[in-house]
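Peer 1: Sharing a structure with you now.
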Amino acid sequence: MVTLEQIQDFKGKYPKQIWSLFFSEMWERFCFYGMRGMLVFFMIHQLNLAETEANLQYGATQAFVYAFTFVGGLFADKILGFRKSLFWGGLLMIVGSLILAADPHKFFFLGIAFTVVGTGFFKPNISTMVGKLYKKGDSRTDAGFSLFYAGINLGALLGGYLCIAIGKGEMFADAIPEALRWNVAFGLAAIVMVISLINFVFTQRSLGPIGLQPQMIKVDGTYQPIEKWKEYGVYALTLVFVPLIMTMVAKTEYTDYFMWTIGPLTLIYLFYEMSKVNSADRKKLFAALVFIIFSILFWGIYEQSGGSLSIFAAKNLNKDLLGLDPNGVNNSAGAFFIIFLAPVLGLLWIWLSKKRIEPNTIIKFGLGFIFLGLGYYVLFGTRLFADLQGVTSLNIFTIALLVITLGELCLSPIGLSIMTKLSTEKLQGMMMGLWFLASAYGQYVAGIIGANMATAKEGSTNYDALIAYTDGYKQLGLYAVIAGVLLILISPLVKKLMQEVK
Ligand code: GLN
């Protein structure tokens, strides 16, 4: 078996195992974003739910998905290890998509619930394993995560486009009988997830000890494997969560209770874990918490893309960019830009680090916010190009998405990377889960912000809507820039907490 040292002592820019993890994650994101892209449309047009209800239930699934990453990460640390967690999560995702493929109308919420829990076990743990490919302090780590992030978005783009297009009959309509289109679309998500897991089975051989089950240290210093009943207990418990999630997604008022409880509980638990480590490690975990808390604000602003920006795209944008559909652009331009920009930015980090001028993580985070803010100012600027009907340029809108994406690349992959660097050995999965839990809150906050902007414009003309939305975007841009400047200002303080970590 290859040893950890051999893996981490790689030559060149990237460890070779990163490509295998890249592909497993790419197919998993295909499955995830493929389904996510179908949810609202399917609920409205196939299940005949009202628009608001469908949107609320969509929001609930997103919140639960990211909330479950905490559970998935925690059990990985304590009992399953990253590999078994990932595998179990992948299996649940396959079961979920197969249920949906079999009869999406009848078993919709059951299938979704399986997928939600499965993603919680898969998503955080594969990212943690990427971090394990690097030695502590290896300056190539951020570049690796940037590359991995390109894989995420390649899967997101393909899945997000193909699944809904097949379901709606815009693709392969001649080959697939009309009554079976949705079955095939959900079935495709199942197939790619199988590919992801098969790829992972082969990957395991090259991972050495990375991601194996944790062992308990006995009083006499010897190791003892985790008891089997605990492992099976986790599997059983997971299955208990499925009907619970099914109920909570269907009755969205539960989401509020859930969000208000899970946050404080996880914080209390984190503080309990922090009380058990030495003071140097505690400081690092505290620094990680600063990043996590800021990221909530980032995603709250960023995730307007699925909410208010999609309404804006539908009503206030023309087709001056190659005649493309504005909503299609809004859904996919970000992922498209990332696939090209992520590797470039990764190489830029390596190049800057060779010259010893690579900005540290806090500055990168600060830049992330500043780009996000500038992007929202460009969104505000679209009003300068509007006609009297309140319709404005898709070109300018796309430039805004490009700037926002640059911000995402300074924050999101770097966030994954810094979680692996700041966590203690035994809390890696949980901290990665917490990072994604912040995304759950981001989605939640995004919904609230979006809803506020929507009420501001009720009963008014299209032009009024343009003004109301762009005013909102200017406000969000300002908040983002302030957050960025604040981060840069407090960077000496956070740097102290991070100690030797860059
Ligand atoms: N788009 C990224 C992914 O799917 C980041 C998601 C997030 O953290 N909100 O992994």
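Just so you know, glycine gets a Cβ as well, placed from its N, Cα and C.
The transmembrane segment annotation in TrEMBL covers 30-50, 56-76, 85-102, 108-126, 147-167, 232-251, 285-302, 333-353, 365-386, 392-411, 432-456, 476-494 (among others).
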Peer 1: Decide whether the stretches the transmembrane segment (392-411) and the transmembrane segment (232-251) have at least 3 CB pairs under 8 angstroms, with pairs required to be 6 or more apart in sequence.
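Peer 2: The transmembrane segment (232-251) and the transmembrane segment (392-411): touching, no.
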Peer 1: Taking contact to mean 3 or more CB pairs closer than 8 A (sequence separation of 6 or more), are the transmembrane segment (333-353) and the transmembrane segment (56-76) in contact?
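Peer 2: Per Cβ check, the transmembrane segment (333-353) does not touch the transmembrane segment (56-76).
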Peer 1: Are there residues at least six beyond either end of the transmembrane segment (108-126) with Cβ under 8 Å to its Cβ atoms? List them, or say none.
Peer 2: 21, 24-25, 28, 31-32, 35, 39, 42-43, 47, 61, 64-65, 67-73, 75-76, 82-83, 85-86, 88-100, 186, 211, 238, 241-243, 245-246, 249-250, 429, 432-433, 435-436
